[in-house]
Amino acid sequence: MAHVKNHDYQILPPSIWPFFGAIGAFVMLTGAVAWMKGITFFGLPVEGPWMFLIGLVGVLYVMFGWWADVVNEGETGEHTPVVRIGLQYGFILFIMSEVMFFVAWFWAFIKNALYPMGPDSPIKDGVWPPEGIVTFDPWHLPLINTLILLLSGVAVTWAHHAFVLEGDRKTTINGLIVAVILGVCFTGLQAYEYSHAAFGLADTVYAGAFYMATGFHGAHVIIGTIFLFVCLIRLLKGQMTQKQHVGFEAAAWYWHFVDVVWLFLFVVIYIWGR
């Protein structure tokens, strides 16, 4: 009788993923700092990208392993209606925490734009962007990326409505394919933009704020594209139903969050920040 389940909640077994995820994130972030600052740790030559890439591979491994466990839990009936509501609330809180990350980047950019010499400086006049910084024309590549990301959001909404309201797997799969392709295109164009930038990460406070804000968003686009791709594979395998598709719903929420953040980036950094 000890193994009889008489409640709607999920009792999780011990998992290795939080521990290894923390290690991967620590190595990745430490490697990123070492790479950007060109420093060494205990005499080890980690100033290149290798430590960062090792941590990134570890984080991706944990991501897919953890997702696989969650998928298996859903297929074995562990995700009751109560559990699904908890997963949805948890993901909403996760997105709220991500919002605060971007608030910090926007705060840094706007504060330095309004007070280039610092809020406590007796010199009130300053130049923004700093002298020597050649900014991007927002009406060329940034505008194209904006349209691409908005179209991908439309594709995700189209796919979600087709699946939830009509149960149309074919339309849902087509919509997700379009969204994933557009997500990859956005990332490629962002990389192209970076490669042709007239300033580097360490050039000025403008450059640092620009790359941190847009780069952090770019990382979210990559994660969101992977998220949508996983949903696409699961749909092709028949692992989602109209009643049980929490993963798909979370991916759609995440992608729309990425869309909204980019609109703010486009207006604040590319247009107003010029």
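Every residue gets a Cβ built from N, Cα and C, even glycine.
What Swiss-Prot says about this one:
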type: TOPO_DOM; residues: 2-15; note: topological domain 'Cytoplasmic'
type: TOPO_DOM; residues: 37-48; note: topological domain 'Periplasmic'
type: TOPO_DOM; residues: 116-139; note: topological domain 'Periplasmic'
type: TOPO_DOM; residues: 198-203; note: topological domain 'Periplasmic'
type: TOPO_DOM; residues: 238-244; note: topological domain 'Cytoplasmic'
type: TRANSMEM; residues: 16-36; note: transmembrane segment
type: TRANSMEM; residues: 49-77; note: transmembrane segment
type: TRANSMEM; residues: 80-115; note: transmembrane segment
type: TRANSMEM; residues: 140-166; note: transmembrane segment
type: TRANSMEM; residues: 169-197; note: transmembrane segment
type: TRANSMEM; residues: 204-237; note: transmembrane segment
type: TRANSMEM; residues: 245-274; note: transmembrane segment
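Long-range contacts of the transmembrane segment (49-77) within the same chain: residues 10, 15, 17, 20-21, 23-32, 34-35, 226, 230, 234, 239, 244, 246-247, each at least 6 residues beyond the stretch ends and with a Cβ under 8 Å from a Cβ of the stretch. The largest share of C-beta pairs under 8 angstroms with the transmembrane segment (140-166) comes from 245-274, of the ranges 80-115, 204-237, 245-274. Long-range contacts of the transmembrane segment (204-237) within the same chain, counting only residues at least 6 positions beyond its ends with a Cβ under 8 Å from a Cβ of the stretch, are 63-64, 67, 71, 98, 101-102, 105-106, 108-109, 112, 128-130, 132-133, 149, 156, 163, 169, 172-173, 176-177, 179-180, 183-184, 186-187, 190, 194, 247-248, 250-251, 254-255, 257-258, 261-262, 265, 269, 273.
The predicted model assigns the topological domain 'Periplasmic' (198-203) a mean pLDDT of 81.
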